[in-house]
C-alpha cells in the first residue's frame, strides 16, 4: 500500500542525523552480500594484519588480484560511506559517515602506497598494506548498518502496522444497488461501502445499515469489541466483527483518522526536543574529537616507535571506532518507538517536549464531567414551581431550549423528554450564556436555563433545602427562569467512571496532586471529589476561571498538567505546562493539547505518565551508552593501554562501532507502555 510505504520511508528520513545513512539503507543488504564475494579472496590472499600464517593462499600475481578486488570493494562497498560523508560535509555536519569514509580512505590510499613500494620501488624491506583491514572494515560496516536499519525500522513498527491496516480495495454500493469492488483511492466522501464480517473497514464513516461489533484494538488501543448500531461512527482500519454493515464515507485520504494520527506522529518525530538538540551538539563535537585524537595518536606513535604501519593502524582504528551515530540515534530511536506505541494505544503525542516535562508535573487538573464522570446524565428529578404549569410542561420547556445544544446535560434532557413522550418545540434566538446555560424565545416568551450560581449572583429566590438535598446526592441542577422568576428545575445525575478512582490513587502514589475543576455546583463537586479521594476542588467556575487557576498554581513554581475537552477547555490546555485533550475520538486534529487521548478513559492519563517515564529512562540509558562508549573506546583505539598489550585492530574497532549503534537500537526497541 502506497501510504504504508511512504510512512515507512518518512520514519527513516526523520533520523536526519545520518542523512547519508538514510539514503542508502535499502542497499546495505545487497551491498553486503556482493561485497562478501569480493572480500573473501582479499582476506584469503592477504597476510592477517601483517602476520604470515603457516599456509598461504598466494600465487604469482596474487597481489594484483588483491589490489583490483580491493579497489572494486572500496568504490562499491564503500560508496554509502563515501557519499554519506560527502553529504555530511556539504551540510557542514560531519559525523559518523565522514569518520568511516576517512578511515577506509586512509586505509585504501596507504595500501596503494604500500603496493607501489613493494612492487615498483627499489627500497628494501616490506611495507605493510591495509587491504585485509579495508575488506573486513567495509564488510563489518555494511553488516552493522544492515542490522541497525532493521532495528531502526522496528522502532517505529507500531506506526508501520497502523499504516498497513487499511485495505487496498472496498466494495462500493452503487446507486442502482449493485456492488462493485473499487480501489481505496477511488472512494469519495458520501459514497456507501459494504463491509462483511471479519473485513477491515476501508474508511471513516457512519453506519447507515446493519449493526455489528467492531475491533478497534489496532487503531485506538481499545481492547474490548465496541458495539455499533445505525448512525454510529466507525474508524477506517478497525475490524468488522459479526455483522454485515453499510457505511457512508465521511473522510478519505489525509482527512481519515489513521492518516491524521500518522501525520501527527511523524511531525512529533521530526520535531526536536531540548534533550535531542543537546545530544546532536555533542555528537557534532565528537567528530572533531575523534579526528584530533586520531591525528595525535598517529604523531605520538611515530615519535615513540617510528613505525608508520602501527601509527597508521591507530589512526584508522580511532576513526572507525568513534561513533557519534550511537549518540545521534540515542533519542530519535526511542522517540520513534515511544510515539508509535502511544499512537497504537490511542495516545497521540503532538508535542515531544511534554514527554520530558511529564517527569516534573506537580498537579493534574481535570474537568469533572466527561473526564472523571461518564458524562451520560440521567434525569432524577424535575419539578414545576408555578401552580399553572405542570411538571411535564416544565420538562417540555427545558427540552425545547436544550434541543439546540450538544452539551451532555442537554442531550440527556431531550432524550428523557422523548422517552416520556413529552412534546417540545423549536425555540427562536437561542444564545449560549457562557458558564451559565442558555436563553431563547418559546412562543414569544424569553426563557433562561441557569445554574445555582447565577441565581445567587442575581438575587433570585429558590428552594435552597431542595437544592442541597439533590446536590448532595450528586445531581447537577438546572433552573428555568421566566419574567425574573424561577419557574422550575431539573436534577441530573452522572456516574463516576470505574477507572477514575484508580487513576486518582495512581497520581497520589506518584506524588502528583489531582485537582478537580468544574462549572458544577459546590455540593456536587465535593460529593464526587470525596468519593474519588480528591481534596483540591474548584467548583462553579466559568471557562476563563480554569485558565487563571492554572496560572495561579504555576506562579508558585508548580508544573501543571490540564486534562479536558480539546475545544471547550482550549485556553486551559494551552496555558498548562502539558495540555491533554481527552476523548477526542476521530477528531485528533484538535489544535489545543500537547497530548491527545482518543478514548475518554482516565487510566490513559496514567498510561501517558508511565510511557513518559519509560521513554525518559530509555533515553538516559541510550545517552549514557552513546557517550560512555565513545569516552572508553576512542582512547583504547588510540593505544592508551598498548603498554599492557591491549591493542584494538581496525576490524575490532569496526565491530565495536557497529555493535554500539545496534545496542542503542535494540534498547529503544525494548521500550514498552506497561
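Every residue, even glycine, has its Cβ placed from backbone N, Cα and C.
What you are looking at is a predicted structure, and each value in this text was computed from that prediction instead of being measured.
Quick look at what Swiss-Prot lists:
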ACT_SITE  367  active site, 4-aspartylphosphate intermediate
BINDING   565, 569  Mg(2+) binding site
COMPBIAS  7-16  compositional bias 'Basic and acidic residues'
REGION    1-22  region 'Disordered'
TRANSMEM  32-52  transmembrane segment
TRANSMEM  57-77  transmembrane segment
TRANSMEM  95-115  transmembrane segment
TRANSMEM  127-147  transmembrane segment
TRANSMEM  284-304  transmembrane segment
TRANSMEM  315-335  transmembrane segment
TRANSMEM  623-645  transmembrane segment
TRANSMEM  649-671  transmembrane segment
Look at every Cβ pair spanning the transmembrane segment (127-147) and the transmembrane segment (315-335), keep those 6 or more apart in sequence, and say whether at least 3 of them are under 8 Å.
yes
367, 565, 569 as recorded positions, winner by CB count within 10 A
569
Counting Cβ pairs closer than 8 Å to the transmembrane segment (315-335), the top stretch among 57-77, 95-115, 623-645 is 623-645
With the cut-off at Cβ under 8 Å and a gap of six or more residues from its ends, the chain residues touching the transmembrane segment (95-115) are 17-18, 20-21, 63, 67, 70-71, 74, 78, 80-82, 84-89, 127-131, 133-134, 137-138, 141, 283-284, 286-287, 290-291, 312, 315-316, 319-320, 322-325, 328, 650
Sequence-remote contacts (6 or more beyond its ends) of the transmembrane segment (57-77), Cβ cut-off under 8 Å?
31-32, 34-35, 38-39, 41-42, 44-46, 104, 108, 111-112, 115, 118-119, 131, 134-135, 138-139, 142
Using a Cβ cut-off under 8 Å, which residues of the same chain at least 6 positions beyond either end of the transmembrane segment (623-645) come close to it?
275, 279, 282-283, 286, 289-290, 293-294, 296-297, 301, 314, 317-318, 321-324, 326-331, 653, 656-657, 660, 663-664, 667
Quick one: pull the CA-CA distance for residue 569 (Mg(2+) binding site) versus the residue listed as 'active site, 4-aspartylphosphate intermediate', whole Å only.
9
Residue 367 (active site, 4-aspartylphosphate intermediate) sits from residue 565 (Mg(2+) binding site) (Cα to Cα, rounded, in Å) at a distance of 8
